[in-house]
Structure formats: structure tokens, C-alpha cells
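Engineer: Please read through the structure below; I'll follow up with questions.
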Amino acid sequence: MKYLDSIKELIGNTPILKLNNLNIKPGVNIFVKLETNNPGGSVKDRIGIYMIEQAEKEEKLKKGYTIVEATAGNTGIGVALAAINKGYDVIFVVPEKFSVEKQTLMRALGAKIINTPKKDGMLGAVAKANELLETIENSISLKQFENEANPLAHYKTTGPEIYNDMEGKIDYFVSGAGSGGTFTGVMKFLKEKDENIKGILADPKGSTMGGGEKESYDIEGIGNDFIPSTMDMDLVDKVIKVNDEEAYEMVKLLALKEGLIVGSSSGAAVSAALKLAEKIDKGNIVTILPDRGDRYFSKNIY
């Protein structure tokens with residue numbers, strides 16, 4: 001018999017797909033890694049299991065403890081999946097601008113949700129999480145914006161998967177960054193393999209992570225108004241800004257032309273990859289599709 005013992009065994013080893021229907025310049029290829037195929041529907045499944053297992057090894061997390069985490073949603077889903085049947089209470093602090101569907105998924109997996117005002121962004125959610133940690137006995141935050149297990153998960157898994165599947169034939173890696181774990185972990189691995197591979201940060205217009213003026217933006221999961229310690233900006237060779245309209249237009253195109261139902265961070269990543277493609281003569285561009293689009297249907301994108 002061939003079967004798996006746990007949902008967690010489905011995390012990772014996601015496929016890479018070549019985009020063929022977006023009028024990409026001849027000589028340039030764009031490949032997307034389908035992190036949408038993870039059981040929780042996003043790239044954050046990887047760090048959920050890594051951060052929990054690391055905390056358990058260090059005996060910072062024990063049965064009966066409460067996990068308190070600020071999240072845009074996908075990290076919460078990943079952590080909730082990893083925490084199933086372990087005897088932990090789980091509380092997520094989520095800015096109210098983020099999708100209702102993601103919050104519903106977290107509740108379905110057993111978590112309690114506390115919302116913070118949209119205007120306060122992720123910093124407001126982090127502040128509220130810290131406040132809860134001071135009042136809840138035996139509570140711990142996995143601190144995705146500081147936790148080295150976050151980029152390590154991608155250095156150990158996502159990076160090698162990309163390099164091996166592409167047989168090392170990579171010229172550019174394009175990725176957004178929220179905590180920066182995906183970008184940092186993948187690029188650290190790729191640079192060690194080939195220092196000529198360029199790291200391109202796809203950053204929402206309005207995010208200050210990649211420079212520019214702070215403004216409100218609707219793209220979820222990437223961009224920030226601070227640079228987390230899990231984000232190594234030295235690995236960024238170029239920043240490409242993407243606005244909300246460009247990201248959502250690409251979300252619609254990816255569905256219509258490639259059959260991919262993805263979120264706005266995926267739209268931003270592919271939009272940035274296409275902008276890059278227009279400026280180079282040839283090369284292989286690899287990017288990440290961080291999450292599925294079914295968790296954003298309430299935004300009426302389509």
C-alpha cells in the first residue's frame with residue numbers, strides 16, 4: 001500500500017510550470033513555482049512546520065501552551081496546520097484589511113482570530129500580539145518577522161527544489177517579500193550555487209521595503225512598512241514596483257490564459273517578471289506563486 005501518514009507530508013516539493021500564453025518576449029522564459037499546491041494553499045505551510053518544530057526542539061513550546069502570532073493570514077494557516085493534534089491553543093492577530101476567507105480557514109483549523117485596525121497595518125498586529133503575550137500565561141510567539149527558522153525553511157527546501165528542477169539554469173529569481181523569508185532563504189541558496197543569479201524584489205507601490213513613499217495598497221502578503229530581520233536586502237539586485245491595478249490585472253490574466261487561480265501577491269510577482277522580461281534579451285526567470293486565489297473571492301477580483 002502507498003499512502004501518507006500526515007497532511008504535513010504534502011508540504012513542499014511543489015511543481016514548476018512554464019508560462020506560455022502571456023506574450024512573453026522570444027528568448028525569455030518565465031517559470032512559476034506552484035506553492036498553491038501546498039495543503040494549506042500557500043508557501044507559508046513550509047515555515048509553519050519549521051517554526052513549530054524548532055520551538056519544540058528548543059523546549060520553548062510544550063503541550064498546553066498558547067501560540068500567539070501576528071499574521072496576514074497564510075502564516076496563520078500554515079501554523080494552524082502544523083499545530084493540529086499537538087495540544088496547543090492558537091491565537092492569530094490579523095489586520096482587518098486581510099481576506100475574510102483566510103480568517104475563516106484559520107478558524108476551521110482551530111484558531112481564534114483577533115482583528116486590529118486596517119490603518120495600523122502589520123505593526124499594529126505585532127503590537128497587539130505582544131500585548132497578549134504579556135497577559136496570557138505559557139504563551140509564545142513564533143515571531144515570523146524575526147525567526148531564523150523562517151528563511152531557513154526556504155534555504156533547506158524551496159531553494160534546492162527550484163535549483164534542482166531547473167537544473168541550475170536560472171538567470172533571475174523574482175519574489176515579493178513580507179517577512180522576507182522566502183526571498184532570503186531561496187536567494188541565499190541560489191547565490192551559493194551561482195553568484196550570477198540575480199534576485200529581483202517585486203514590491204507593491206506603497207510599500208517602503210523596496211524604497212518609495214508609504215501609501216496604502218491592497219496587495220496581500222507582500223510589502224511592508226519596515227524591513228524585518230528575516231529579510232536580507234543585500235540579496236536584492238533590483239526592485240520592481242507593482243501597483244494594485246497591475247497585480248489584479250495579472251491575477252485575471254493568469255486565470256484566463258494559464259488556468260491558474262492565484263492571489264494578488266502572485267499577480268504582483270508575475271507582473272514584475274514580465275516587466276523584467278521586457279528589459280532583457282534572453283534568460284530564464286523563476287518566480288513564486290505564493291497562494292491560491294480562492295481565499296480572495298470576496299474581493300470580487302474576477
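Every residue gets a Cβ built from N, Cα and C, even glycine.
TrEMBL does not curate its annotations; it predicts them automatically.
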Engineer: The pyridoxal 5'-phosphate site in TrEMBL lists GLY178, SER179, GLY180, GLY181, THR182, SER265. Which one of ASN38, ASN74, ASN85 belongs there according to the record?
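Structural biologist: Record check against TrEMBL: pyridoxal 5'-phosphate site with GLY178, SER179, GLY180, GLY181, THR182, SER265, extra candidate from ASN38, ASN74, ASN85 is ASN74.
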Engineer: Quick check for the class: what is the C-alpha distance, in angstrom and rounded, between GLY180 (pyridoxal 5'-phosphate binding site) and LYS44 (N6-(pyridoxal phosphate)lysine)?
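Structural biologist: Their Cα atoms are separated by 11 Å.
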Engineer: Can you tell me whether DSSP puts GLY178 (pyridoxal 5'-phosphate binding site) in helix, strand or coil?
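Structural biologist: The three-state answer is coil.
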Engineer: Cα-Cα separation of SER179 (pyridoxal 5'-phosphate binding site) and LYS44 (N6-(pyridoxal phosphate)lysine), in Å?
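Structural biologist: Between the alpha carbons of SER179 (pyridoxal 5'-phosphate binding site) and LYS44 (N6-(pyridoxal phosphate)lysine) there are 11 Å.
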Engineer: Which whole-number value in Å describes the distance between the Cα atoms of THR182 (pyridoxal 5'-phosphate binding site) and LYS44 (N6-(pyridoxal phosphate)lysine)?
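Structural biologist: One finds 9 Å between the Cα atoms of these residues.
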Engineer: Based on DSSP, name the secondary structure state of ASN74 (pyridoxal 5'-phosphate binding site): helix, strand or coil.
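Structural biologist: In the DSSP reduction, ASN74 (pyridoxal 5'-phosphate binding site) maps to helix.
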